[in-house]
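Engineer: My structure is below; once you've seen it, I'll send some questions.
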Amino acid sequence: MLEVQRGPPLHVELRQGDGWELSQFLCAGESGVIGGNTRLFMDGQQASTTHTVSEAAGEEVPAAGGAKRPLAASPGGSAGPSSSGDGDAAKRQRRASDGAVPSSGGVAAAAAAAAAGGATAAQQQQQQQGSDPLDRVPDAPMHLMRVRGIPSWANEGMLGVKLADLVRGKLLWALVSNYMVDAAWLLSACPDLQQAEHLLVVHGEHSDWTLGQMRRDVAHLGGRCVLHAPPLPIQWGTHHSKAFILQYQHGVRVIIFTANAIYPDCNNKSQGLWWQDFPPKDEHSAQTSQFEQELAGYLRELKLPPAEAGTALRLLAAHDFSAARGHIIASVPGYHTGAALHCWGHMRLRAALNKEPAWAGAFRGAPLAAQFSSMGSLDDRWLNDEFKASMAAGRCELAAGGFGAGRLGMPPPGSQGLQLVWTSGSEVRNSLEGWAAGNSIPGPCKNVEKPFLQTHYRSWGGEVCGRQRAMPHVKTYLRYRVVQPAAGAAGAAGAAAAAGGDAGGAAAGAAGPAVEVAWMYVGSHNLSKAAWGALQKQGSQMMVRSYELGILLTPACEAAYRASRWHGFSCTSTQPLPAEGGCGEAAAGAAAAAAGGAAPASAVRFTQWRRGAPQEAAAAADGVLRVPLPIAYRLPPAQYPPGERPWTVDGAWQGLDALGFDRDASPSCHYGALEHMEWGEVVERARRRSG
């Protein structure tokens, strides 16, 4: 690239459908990835005719070819509407990470100073921080990752967050944790990682080829990058956790998600993520917190090199995690006894649920749903007794006149009580990746086709969030209840889904009963004993094979977060702090209940988001704050259509897929792609390599 004399940064936004694919500040001579195989290159003050280019001060600027475009004013001084589609109220309210950074109007002021020729490096840094794409994401407990090739509405707001929007800015220290790591792709997708002062990659790669390729891909980082594979003391275990821990100048960002660090996982599949920013401790901070202890305990079990372990643990000890928006649910390999019995796997889930304030009595005996992308060798006793007992843990309010709290209790036996959301063969065949998507859903026939499982299976669907063709790699576990059944809703939803297209997805997503969710887990755990652990020796010992990491979301945690002084804190935004107690008295009351452990945590409730509904939490007339969660499959989950059968990775599947391949000729595309490539290009390269 030729050297270009750089003037003041320009605010650039690319509009595609109803959403904004690119929103950032670029100087002349800089480029930005805008999706697909396209890059925007700034030449002076011009860009291609498909882009709106504006000075941050708000003037019109000619696009390529001399045409002028009117600029639609948006909050924060940038052009274009909020990507959430819900207007100003849907913007994510963020706390400025540094009191010296301008808040209201600060970005525009800094840009104006830059245009006048008087901008300092610090002002330009502030300006770039002020364009944080997360400021336009609704303040939700969990999000879905962006998927290419689906309707634009299905990537709006909390439905379509990009890793690059989260892993950005000046990074002092970064931990990348994953199972599969295509380092070349990761650095192309999150380019700011290359500038991190120190990068620690904790991975599960063990083949000579992948390890050698990863070392070559990070060689240019020199001593700033350390690779570490945690020990696997028990056969068949893996390091499967998927997370980032990012240190900024003014805080730490923790990201827990469900995708491998490879192109197809982060572009073509349905994935979930959770993140939260945490400030440094101050004189009002507690010495430690449960979340800090949970995360530090997990990091110790990774057996990091001593220098790396010391840095990581000191970093956690220096920051305030008291307002964490969930509970860490982790697994580490070993034979756990005594106090450690309740620290890992499904026994950790059981313990966390049992410590929560009582749920509404309507959740007593409510059904459970488990959705996952890989299945181990299960038996009826483990699934329907041991594991289901952990998912069924917790207390509920007693009926009027009762005293104290009862148990939520086990759901009904069979498929009415436990539904397993597992992709069907037709869903894989018709997906964005065709048969190749099934390679990332590794359920062999010997595991999937066990007779006792068949009545539990439910289809993925994905129409609720426009993800019918984006195969699930997300893993979610939850307890729910139907609030308001809708007559004939299931049939209407099925017909709309069969019609296909955006309209069909919209109708199917909106149809169906209203659903309330007691709690939800999202993370790396698949449905296996290796991941969740299995009790041994009359329940006195837990055997776990793999490293896993997830987050448990509960109404009490959400209420405590919203009522805390750190609600809205951000490491990368300059938006002002929302008013203290910004969630209102409802969340404050639930927070008090969570702290006291006696009163019910009913002032905040989780609901399943449906298309057309706001993505932001909303307080109702009854004083309850209802917080929507983007759960992509229908609740209750839908049964397979007649003739459908569950996907098996080694099964005999006939016919051509959506890309024109039969099952045996479908190319493997896990490694070797870069973020700017279109999926068709990736597939063609893989096809040529396979001969």
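Just so you know, glycine gets a Cβ as well, placed from its N, Cα and C.
Pasting the feature list from TrEMBL:
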type: ACT_SITE; residues: His240; note: active site, nucleophile
type: ACT_SITE; residues: His473; note: active site, proton donor/acceptor
type: BINDING; residues: Lys242, Lys475; note: substrate binding site
type: COMPBIAS; residues: 55-87; note: compositional bias 'Low complexity'
type: COMPBIAS; residues: 88-97; note: compositional bias 'Basic and acidic residues'
type: COMPBIAS; residues: 119-130; note: compositional bias 'Low complexity'
type: REGION; residues: 47-104; note: region 'Disordered'
type: REGION; residues: 119-139; note: region 'Disordered'
type: SITE; residues: Ser528; note: site 'Interaction with DNA'
Engineer: Using C-alpha atoms only, work out the spacing between Ser528 (site 'Interaction with DNA') and Lys475 (substrate binding site) and round it to an integer in Å.
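Structural biologist: Their Cα atoms are separated by 12 Å.
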Engineer: Provide, as an integer number of angstrom, the distance between the C-alpha atoms of Lys475 (substrate binding site) and His240 (active site, nucleophile).
Structural biologist: 12
Engineer: Given His473 (active site, proton donor/acceptor) and His240 (active site, nucleophile), what distance in Å do their CA atoms have, once rounded to a whole number?
Structural biologist: 13
Engineer: Would you mind listing, in sequence order, the residues at least six apart from Lys242 (substrate binding site) in the same chain with a Cβ closer than 8 Å to its Cβ?
Structural biologist: Ser177, Asn178, Tyr179, Ile256, Phe257, Thr258, Ala259, Asn260, Ala261, Gly523, Ser524, Leu549
Engineer: Relative to the Cβ position of Lys475 (substrate binding site), how many further Cβ atoms are located within 10 Å?
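Structural biologist: Excluding its own Cβ, the number within 10 Å is 24.
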Engineer: Using Cβ atoms only, which residues of the same chain lie under 8 Å from His240 (active site, nucleophile) while being at least 6 residues apart in sequence?
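Structural biologist: Set apart from His240 (active site, nucleophile) by at least 6 residues yet with Cβ under 8 Å, we have Tyr179, Gly204, Ser524, Asn526, Ala531, Ser546, Tyr547, Glu548.
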